[in-house]
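Database features, via Swiss-Prot:
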BINDING   Arg20, Glu85, Lys124, Lys461  (6S)-5-formyl-5,6,7,8-tetrahydrofolate binding site
DOMAIN    221-383  domain 'TrmE-type G'
BINDING   Asn231, Ser250, Ile252, Thr255  K(+) binding site
BINDING   231-236, 250-256, 275-278  GTP binding site
BINDING   Ser235, Thr256  Mg(2+) binding site
Amino acid sequence: MSTICAISTAPGVGGIAVIRVSGPDTFKICDRIFRPKKAGKSLSTQKAYTLTYGSIVGNNDETIDEVIAAVFRAPHSFTGEDTVEITCHGSTYIQQQILQSLISSGCRIAQPGEYTQRAFMNGKMDLSQAEAVADLIASTSAGQHRLALSQMRGGFSRELAELRNQLLHFTSLMELELDFSDHEELEFADRSELRTLADHIEQVISKLAQSFSVGNAIKNGIPVAIIGETNAGKSTLLNALLNEDKAIVSDIHGTTRDVIEDTININGQLFRFIDTAGIRETSDAIEALGIERSFKALDQAQIVILMYDLTRDLKDFEAFYQEIAPRLTNKSVILAMNKCDVLPTSSLPTFSFPTEGWHQIAISAKSKLHIAELQQLLTEVSSIPTLHQSDIIVTNVRHFEALTHALEAIHRVQEGLNSSLSGDFISQDLRECIFHLSDIVGEVTTDQVLGNIFRHFCIGK
């Protein structure tokens with residue numbers, strides 16, 4: 001195993017920077033370039049969790065910078081290996097010179113995510129916890145931070161471990177029955193107990209899988225589709241919500257020909273806004289493709305902002321509503337009446353279609369009138385429940401897919417027990433359920449999958 005080094009702090013100039021060195025030759029390499037302020041304070045002789053002040057030198061023993069070196073000894077470090085973290089001044093030149101000095105002394109530059117991958121390989125964390133490290137680094141809202149921290153601390157892993165241990169117990173008994181298959185009267189695994197266990201595990205896995213809709217919304221943002229006729233002000237509203245010119249705005253009908261997405265944190269909750277192409281009959285093939293994507297975005301949204309231009313014919317809008325009405329079922333709908341600044345409040349229309357349960361607001365996307373009120377309304381209608389520290393919420397697509405496969409396997413176990421299926425078939429489905437649960441924490445994950453997961457990390461992590 002080679003000894004690796006990388007800058008662990010964010011790129012660019014800052015007050016300080018941290019360079020992490022990890023591997024079997026960490027202390028030998030660092031001692032070659034570290035000059036302690038006090039004699040006899042070489043890093044290889046220091047106790048774990050100590051800080052030593054000194055200098056880093058380069059070629060010809062020239063000082064590069066005065067630094068503080070933190071010592072971590074295996075296995076009690078992030079990677080489980082001997083580790084030194086060098087805190088230097090934040091100059092990019094200084095950082096690169098220290099890296100070059102480390103490389104010249106025997107280190108190599110770490111690959112993206114290699115520190116966390118080594119932590120996983122050395123048993124410091126399982127794969128779901130490693131993925132949570134990446135989520136924690138990328139968190140931009142309180143919800144994302146809370147869920148990533150909970151998963152990194154192992155709550156999800158412990159839940160899965162309990163399920164796997166129970167399944168392994170009964171699987172071993174089923175396998176024992178197969179070893180004594182010539183004695184048909186022998187039954188080591190009590191079928192009644194196994195049925196009770198299968199029902200319990202089915203309930204737990206179902207609950208975990210169902211939590212993904214909430215977890216995905218917290219991690220990637222609650223999907224909000226901005227829907228309306230052409231030139232209703234959808235792109236202008238997106239720009240107003242984001243407070244930037246994200247979408248092109250024009251008086252020409254059909255300007256937006258594709259969906260445009262961006263996220264914004266409102267009161268600690270992440271929303272993913274989707275500006276869609278105006279829905280209308282068209283002979284333009286490209287615009288028609290954009291409208292098709294608008295319908296797809298509408299179907300996937302949890303919240304729909306339905307835009308109505310108050311200066312347009314109400315009958316046209318009501319006809320437009322009839323076209324999309326079936327797609328609004330079970331969605332939170334906000335009817336945003338745009339251009340209220342050019343009409344008196346008394347002129348707001350009464351709609352012929354049912355709007356019970358909808359939220360209505362008069363806005364001006366162009367002048368940003370009542371945009372703050374619209375943002376507040378979005379937080380009120382979002383369906384994210386109040387989460388507690390002990391709640392286990394699935395946020396990762398890979399985990400959700402594995403849980404779905406495990407659920408299918410446990411359903412086959414239940415069906416097999418109800419139909420008195422042979423023990424070898426039931427045992428096979430039990431093993432498959434265990435396999436998919438183990439895949440989540442990385443006990444059976446292939447090198448290809450591991451590489452795909454860790455390459456999305458930053459180099460210094």
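Placed from the backbone N, Cα and C atoms, the Cβ positions cover glycine too.
Counting other CB atoms no more than 10 Å from each candidate's CB, the binding-site residues Asn231, Ser235 peak at Ser235. Cβ neighbour counts within 10 Å, taken over all protein chains shown, single out Lys234 as the most crowded of the binding-site residues Arg20, Lys124, Lys234.
Taking CA atoms as the reference points, Ser235 (Mg(2+) binding site) and Lys124 ((6S)-5-formyl-5,6,7,8-tetrahydrofolate binding site) are 48 Å apart. Confidence in the domain 'TrmE-type G' (221-383), given as mean pLDDT, stands at 79.
The number of other Cβ atoms within 10 Å of the Cβ belonging to Glu85 ((6S)-5-formyl-5,6,7,8-tetrahydrofolate binding site), over all protein chains shown, comes to 19. Counting only the Cα atoms, the space from Asn231 (K(+) binding site) to Glu85 ((6S)-5-formyl-5,6,7,8-tetrahydrofolate binding site) is about 56 angstrom. Lys234 (GTP binding site) and Lys124 ((6S)-5-formyl-5,6,7,8-tetrahydrofolate binding site) are 49 Å apart (CA-CA, integer value). Between the CA atoms of Lys234 (GTP binding site) and Arg20 ((6S)-5-formyl-5,6,7,8-tetrahydrofolate binding site) there is a gap of 48 Å, rounded to the nearest whole number.
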